[in-house]
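**Q** My questions all concern the structure below.
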Amino acid sequence: MYQESIQAVKGAANKKLALLHNNPLGYFLLSCLAGMYIGFGILLSFTVSGQLQGIPATKLIMGLCFGVALSLVIIAGAELFTGNNFVLGVGLFTKQNKFLDALYLWFVCWLGNLCGAVILALIFNACGLQVEGVAKALAAAAFMKTHLGIEALLARGVLCNILVCLAVWSGFQTKNDAAKLIMVFWCLLAFFTTGFEHSVANMTVITAGLLAPMGQNITLGGFAYNLFWVSLGNMIGAIFFLALPYVLAAKKQK
């Protein structure tokens, strides 16, 4: 079981590394786009949240809105750090790529995602659409994220990327675009509504929170603190809780 899908993931890992090697600027720009696409999902969710203050189902509705983020990444095409943790993780365990190559790609992709997220948050701030309810929701979320303990950030990062990469893995299991989008919807609804931590989503949340009028208590140090531990948790979740089990399950018994 799973051999065909694992081969497809290995092929994707090889293509990503080849693109980075042959066209580093193109790869970086695709990473920037992924940061923006995830950011669009965040801005939509928090814009809705700002208009639904006090309603118990607000978090659920935000989760329903956030599915647009990964849908754009998968269907339009872009390079997302968290998804690449799984793809290159499979490449590592199948000896398709070397660890240093994977680490370099993850770093470039993470940096591109950050640039895209920050640019989007700056443009959104310039739009003047951060009305009081939206700005307040973003600032409150950013403050909470930058003040969580290390254990909580790691654990939430692990669980988040298991769900995100399940959506990515499901894309290799089916060729039907509608099925891919349904899995994206369910997996992202689960992680967002539950309150898990996604490093690339946090890039937009915390930047927008910093720029909000009530974001005085949010610091760049807190931003870096959150991204470090959540990114590490995301990597652990994708590599050891998803990539490794499926690679082992796909191995042919001698």
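Glycine residues also receive a Cβ, built from the backbone N, Cα and C atoms like all the rest.
All TrEMBL annotations are machine predictions without curation.
What TrEMBL shows for this protein is this:
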TRANSMEM  25-48  transmembrane segment
TRANSMEM  60-83  transmembrane segment
TRANSMEM  103-127  transmembrane segment
TRANSMEM  148-172  transmembrane segment
TRANSMEM  178-196  transmembrane segment
TRANSMEM  227-249  transmembrane segment
**Q** Should anything in the same chain at least six residues away from the transmembrane segment (25-48) have a Cβ under 8 Å from its Cβ atoms, list it; otherwise answer none.
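**A** That would be 16, 19, 58, 61-63, 65-70, 72-73, 76-81, 108-121, 124, 129, 134, 137-138, 141, 188, 192, 198, 200-201, 203-205, 208.
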**Q** Below 8 angstroms Cβ to Cβ, which residues of this chain, lying six or more residues outside the transmembrane segment (148-172), approach it?
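**A** Residues 5, 8-9, 12, 70, 74, 82-83, 85-87, 179-180, 183-184, 186-188, 190-191, 194-199, 226, 229-238, 241-243, 246 contact the transmembrane segment (148-172) from elsewhere in the chain.
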**Q** Apart from its near flanks, which chain residues at least 6 from the ends of the transmembrane segment (227-249) lie with a Cβ under 8 angstroms of it?
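**A** Result: 1-2, 5-6, 81-83, 85-86, 89-90, 92-94, 106, 110, 114, 150, 153-162, 164-166, 169, 197-199, 202-203, 206.
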